[in-house]
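Working notes for the structure below.
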Amino acid sequence: MNSPDLWYSPETQFCFAAANNSCPRKARPALVVCAMYLVMIGAIVMTMLGNMVVIISIAHFKQLHSPTNFLILSMATTDFLLSCVVMPFSMVRSIESCWYFGDLFCKVHSCCDIMLCTTSIFHLCFISVDRHYAVCDPLHYVTQITVGVVGVFLLISWSVPILFAFGLVFSELNLIGAEDFVAAIDCTGLCVLIFNKLWGVLASFIAFFLPGAIMVGIYIHIFTVARKHARKIGPGPRTKRALSESKMKATSGKESKATKTLSIVMGVFVLCWLPFFVLTITDPFIGFTTPEDLYNVFLWLGYFNSTFNPIIYGMFYPWFRKALRMIVTGTIFRSDSSTSSLHPAHP
């Protein structure tokens, strides 16, 4: 990431006018500033509200209490926390090019940023494992993917990113070898997350490329198996066996639709975050010369992934739309609302 311009003109505005070593503020036209605030505030509000609907729906409606939905609930919680803890402060930093919240909170913010991003992709990775058993081994799915197993998934999805993020940032291992650059750009009001060559590669591999590759491999296998199942189930007489196959076909269709939806969620995640992680790897090798605005564009493209997930649920999950209607109309406050049917039961 580019260092702040150290050659100041007389018209330069500073983050802290009274400070001797203040960072310069980036001058932007008022119209551009207003547009940026509108877009980013809109994204933050949509992320908060959309993921809140997912959280309330799965937590409240008993019909949605399933292992897969518990994973989705936890992922929505991750996205909701991102919109509350990370995005508002990143918005001010991106637009004003200043950090007004102190050095300690800069570290905490950076930790939360890394942690929640990594937690999201870990959730998606475990959701792909869940879908693999649901489609490829449906007869044993209920006994293999239990609430206890999902609990282990959630423990790993949260604990590993927390240890990774806070351990890396507070140990400053990511700064070893980049001390001269850090000293050159140091000023009051600066909060940037810098990775040296080693940790730029390692962090991106751990948080994105490794679990992303696992997910892609799992979903390719799922789609291959789903196509084979579809070809095997064909028309036949209405015997007990045919009825059983019909039931299997209905179940397979339901699982296939759910898998396609979750694949879209994963695909959107990869498309949103891939540019940022490529930049994280390449920036140390090109002398940290990535333009600040390009860095912010890629960063916010990644944040928008947390905005898109509830929209995808709304497009593909009827239960989400019905739950949203019940929340908006206040029907959810009825005493028997938790037992409401949000989607038809399969025979």
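Using the three backbone atoms N, Cα and C, a Cβ is placed for every residue, glycine included.
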Candidate cysteine (C15, C191, C272) that Swiss-Prot pairs with C106 in a disulfide: C191
Membrane side match, A178 / G287, Swiss-Prot record: yes
Which candidate, of N20, N305, Swiss-Prot gives the annotation N-linked glycosylation site: N20
Confidence summary for the topological domain 'Extracellular' (91-110), mean pLDDT rounded: 96
Pairwise CA distance, C191 (disulfide bond) versus C23 (disulfide bond), rounded so that it is a whole Å: 10
CB contact flag for the transmembrane segment (261-281) and the transmembrane segment (150-170), at least three pairs under 8 A: no
Same-chain residue ranges lying at least 6 outside the transmembrane segment (198-218) that approach it to Cβ under 8 Å: 114, 117-118, 121-122, 124-125, 128-129, 131-132, 161, 164, 168, 173-174, 176-177, 266, 270, 273-274, 277-278, 280-284
Spatial neighbours, same chain, of N20 (N-linked glycosylation site) - Cβ under 8 Å, 6+ residues apart: none
Positions on the same chain near the transmembrane segment (38-58), where near means CB under 8 A and six or more residues out: 64-65, 69-70, 72-73, 76-77, 79-80, 82-84, 87-88, 91, 94-95, 300, 303-304, 306-307, 309-311, 313-314, 319-320, 323-324, 327, 332, 342
Rounded Cα separation (Å) that holds between C187 (disulfide bond) and C106 (disulfide bond): 13
